[in-house]
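Record features (TrEMBL):
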type	residues	note
DOMAIN	4-92	domain 'Acylphosphatase-like'
ACT_SITE	R19	active site
ACT_SITE	N37	active site
Amino acid sequence: MTATWQIVVHGRVQGVGYRAACVVEARRLGLAGWVRNRRDGTVEAVAQGEVAQLLALCEWMRQGPRGAQVSSCDVDKAWEADAPLNGFEQRASV
């Protein structure tokens with residue numbers, strides 16, 4: 001079953017290569033979507049794909065890349081995309 005989840009990661013997650021590493025991991029898992037920094041210091045991702053792969057991405061995001069210190073990870077499993085997502089990209093900060 002295909003789903004779209006929004007994931008917001010809190011902690012020391014900016015300035016440590018988190019977004020670039022997230023893109024690599026999401027693509028490895030075959031997910032579509034995007035990741036970006038937010039002004040409040042969090043990292044936000046929207047990922048679309050099979051639930052098993054989304055769960056794997058969430059597990060990875062709870063750890064992050066070397067240098068990250070994740071304090072919490074919020075997952076919105078009811079997030080609705082306007083249209084199917086293609087590829088996985090790093091977006092500009094908001």
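Indices start at 1 and increase along the chain as displayed.
Just so it is clear, glycine is given a Cβ too, placed from its N, Cα and C backbone atoms.
In the three-state DSSP reading, R19 (active site) counts as helix. Over all protein chains present, the Cβ of R19 (active site) has 22 other Cβ atoms lying within 10 Å.
In the predicted model, the domain 'Acylphosphatase-like' (4-92) has a mean pLDDT of 97.
Straight-line distance linking the Cα atoms of R19 (active site) and N37 (active site), rounded to a whole number, equals 8 Å.
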